[in-house]
Amino acid sequence: MTVTTALPTFDEAIAAFEPVMGMEVHVELGTATKMFCGCSTTFGAEPNSQVCPVCLGLPGSLPVVNRVAVESAIRIGLALNCSIAEWCRFARKNYFYPDMPKNFQVSQYDEPIAFDGWMDVTVDAETYRIGIERAHMEEDTGKSLHVGGATGRIHGASHSLLDYNRSGIPLIEIVTKPIEVPPAVAPAVARAYVTELRELIRALGVSEARMELGQLRCDANVSLRKAGDPYGTRTETKNVNSLRSVERAVTFEIRRQAAVLSDGGRIVQETRHWHEDTGETTSGRTKEEAEDYRYFPEPDLVPVAPSREWVDELRGTLPEPPAARRARLQAEWGFTDLEMRDVVNAGAVSLVSATVEAGAPAGGAKKWWLGEIARVANERGVALEDAGIAPADVARVEELIAAGALNDKLARQVVEGVLAGEGGPDVVVSARGLQLVNDDAALGTAVDEAIAAQPDVADKIRGGNLGAVGALIGAVMKATRGQADAKRARELILERLQP
Amino acid sequence: MTLTRKTAAELASSIKSGEVSAVEVTRAHLDRIAEVDGPAESGVHAFLHVDTDSALAAAAVVDQKRADGDELGPLAGVPLALKDVITTADMPTTAGSKLLEGWRPPYDATITRRLREAGIVILGKTNLDEFAMGSSTENSAFGPSRNPWDLTRIPGGSGGGSAASLAAFEAPLAIGTDTGGSIRQPAAVTGTVGVKPTYGGVSRYGLIACASSLDQAGPCARTVLDAALLHSVIAGHDPNDSTSIDQPVPDIVAAARKGADGDLSGLRVGVVKELGGEGYQAGVEARFNDAVALLSKLGAEVVEVSCPHFAYALPAYYLILPSEVSSNLARFDAMRYGLRLGDDGTRSAEEVMSLTRGAGFGAEAKRRIMLGTYALSSGYYDAYYGQAQKVRTLVARDFDAAFAKADVLVSPTTPTTAFPIGEKVDDPLAMYKNDLCTIPSNLAGNASASFPCGLADEDGLPVGLHVMAPVLADDRLYRVGAAVEQAYAAQWGGTLLEQAPALDGRRGESATADRGVVS
Ligand SMILES: [Zn+2]
């Protein structure tokens, strides 16, 4: 393995070489049933509880194409500005692996359902057009669980368990054309592409596209060349399963390949594994060892021939493109480019949008999702949408603030409570006793006590020094353990100490 | 006449009228199986599994329905032998392979379901070449079946068990599957009727695949009408099989009844020039020529047609079939069901797969897996699989051109009569040539059938008349088959099978056994 310390910096690497990238993204469709059978696709069920003769590949069973999956594939293709095949077939990809019950995967080979499209992505206000080579349909494999080893990998395991619940879940694989962008932005463009694709998939409603659940998986192909040279040998880094990892993995691979090439070495065409912990890739299977998949048309399925009427009908169902939607929302929300970029990078566009739709001001919605909620989600290692608070909850908190029932400090405690699973905002407010003290009787007592305790401050205020009011408000807040309505407290103090 | 000698149509009507119970009929056939099927080393050995209890229970259900006054289907209560490549939830399904010995599928094939719904009584599962690959049943992991005409000879294959069960009067009906002739060739060499429907005419769901684009299940019987009745039970669209045809099934039973009038006037019959001559046994050619003369006598207009690309059908078939086989048989890897060898805690999954497949598959299966793996390999695909697919198109065009001149085509079903067990096991090419006449219809997907047309002079063994009809014109097969059948019955004084020798067991039951050769 390459010694990390010997790697050039990214800037050094791109000073000598130009990277060319290619992204392969697998999207697990959110269809109710699997690609070729009627089994449920619900995530997290008991192992092997969502299986049947077809997705177990039992002798004699036959596949039948899920029409909704084809529809999703066509919509993805259209949203990526692809041509939709008038006639295409499935193909068998033959290789042996225990998590594949038939020892072939039904996929598409030289006749993808969608091909030749593009998607624009923006990095630092610069727009880059990413060419889409193809989008094709295939079935997912089962999952292996290797037991008894230290690493959870097959080496060293005492035995393996197989779960076929995932077997046959519909996948769409989206493959880009070679991506050639200014070297300095290459890793950022790769990340922006996956981010944008994820937004698009979500906007289409065909998948939740959650990377942490494996619903969107990314393989990154990287090669280097001297400016003007033909393409260099590429590596394919697998298992790049977060947006941040996409950028890091591409960066690492550029630096690693630059080191090899600068040393006069050659790049081996191989798959590489990405390691989130070390931020490195390690060698997997080389091309020489690679399988010959012996693709041939799947004889158990008839060709897919979507009518032009159907394709046009589906074209009519496409959502607003993510970029247009973002521009519209940014204008509606009155955010600066920088503010909007933060929301996009946090993957919070839809959450903020939903919160605004539930009645909250955009600034408040952004503050919560990118602040307190993001912090907790990050701590727990979950996605924002899984942090345990709904857009409607956030909007309710904002509503309570506007009504004067909560101040910022109390509101934060309410959000904390909701995130901790204590219930909705109103439940947390009453359970924790977080109502703002703003009735004049209770507040008046605290004000009187504060004035009595600090007569010199009171004198200053009587003398016209309004800057001194803060000290008395502080004392009131302290006495009410932060639950006083500061604005009302100020009014009461001034009433009593009118010069 | 004993129950086992009756046709399915006769049995069904006797059951319906209450003359005999379905249980009695079933018991008679189970008794016959007990008499002649074993021992495996020397009996007919048509069956790999007989399920007495479930057969009698199914028969009792039919009797109860009749007692309740329920409507009975046209074959209710009639026993049937099911080729052991079709899944049954209540019986093992082996596909003739050690790899699946003892495997009990958790589901019924669509065919199985339709048979049960029709009240047909499944007696058991019949022997076949491993994964339906062969022409003799000698590739069965459980030993060959034997031809009731001569127990030293093969009953054809892969569906030799189904055909033998009919010829041995163990069952009046059977289901076969035909990838390159596995229904028709056994029918020809056992003197029975076998129909390969149009591809997609009968659901493949639950049929353990040999070659998916060629496999087609179909009816086997001793008479044309019985085959038609069974065909109409199993045919029709199945949403579980994407390749199943979503169109009405032609009225084959009506065609069989019409054909029995013996009038073929207006029918154009094309004799395929390329399917005959060198390599064809003299007795086979003689019976075939007689059959053509008979067709003419029945009023058909006989013309000669040429199908020049049929010469390439066999080599193309032996590229397409192994290619699909190599992929279809990949799932037998010891991971989920069936045989598992070498799983002693020290070996990897890959080693267990390799050991199991190495020991589990027979020589023919391995040969085809290797051929297919090679034919699909990168760099060879275009030259082999790709070219073969082009030939397939050309064969289909030959059929189209021929069917423009003729309503049906005819040829001998097989170049020879049943050969002795063991004669061709070491000569795969000689074995493959058995399917010379039957393979083109699998490549093109059209309907074909074999009907008995006499005995070869030199060996006194049955010869089959092969009739080919266009896609979805299965009814034409039955019209021709029934016409020929009634004409021969008049000539022979009964069916060809009545000339078969009696089997050990209850000798003398075959009253016409020593009648000699009639042609
Ligand atoms: Zn399933």
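Sequential numbering from 1, following the chain as shown.
Cβ coordinates come from backbone N, Cα and C, glycine included.
Unlike curated records, TrEMBL annotations are generated automatically.
TrEMBL lists B:LYS83, B:SER158 with the feature active site, charge relay system. Taken from TrEMBL, the feature active site, acyl-ester intermediate applies to B:SER182. Taken from TrEMBL, the feature domain 'Amidase' applies to B:24-477.
Taking the features listed in TrEMBL, we show where each one sits on the structure.
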residue  : record                               : DSSP class
B:LYS83  : active site, charge relay system     : strand
B:SER158 : active site, charge relay system     : coil
B:SER182 : active site, acyl-ester intermediate : coil
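Cα spacing between the residue listed as 'active site, acyl-ester intermediate' and B:SER158 (active site, charge relay system): 5 Å, rounded to the nearest whole number. Within 10 Å of the C-beta atom of B:SER158 (active site, charge relay system) sit 34 other C-beta atoms, taking all shown protein chains into account. For B:SER182 (active site, acyl-ester intermediate), other Cβ atoms within 10 Å of its Cβ number 37.
When Cβ atoms from all protein chains are considered, those within 10 Å of B:LYS83 (active site, charge relay system) total 32, not counting its own. Distance from the CA of B:LYS83 (active site, charge relay system) to the CA of B:SER158 (active site, charge relay system) is 9 Å. Along the domain 'Amidase' (B:24-477), the predicted structure has mean pLDDT 97.
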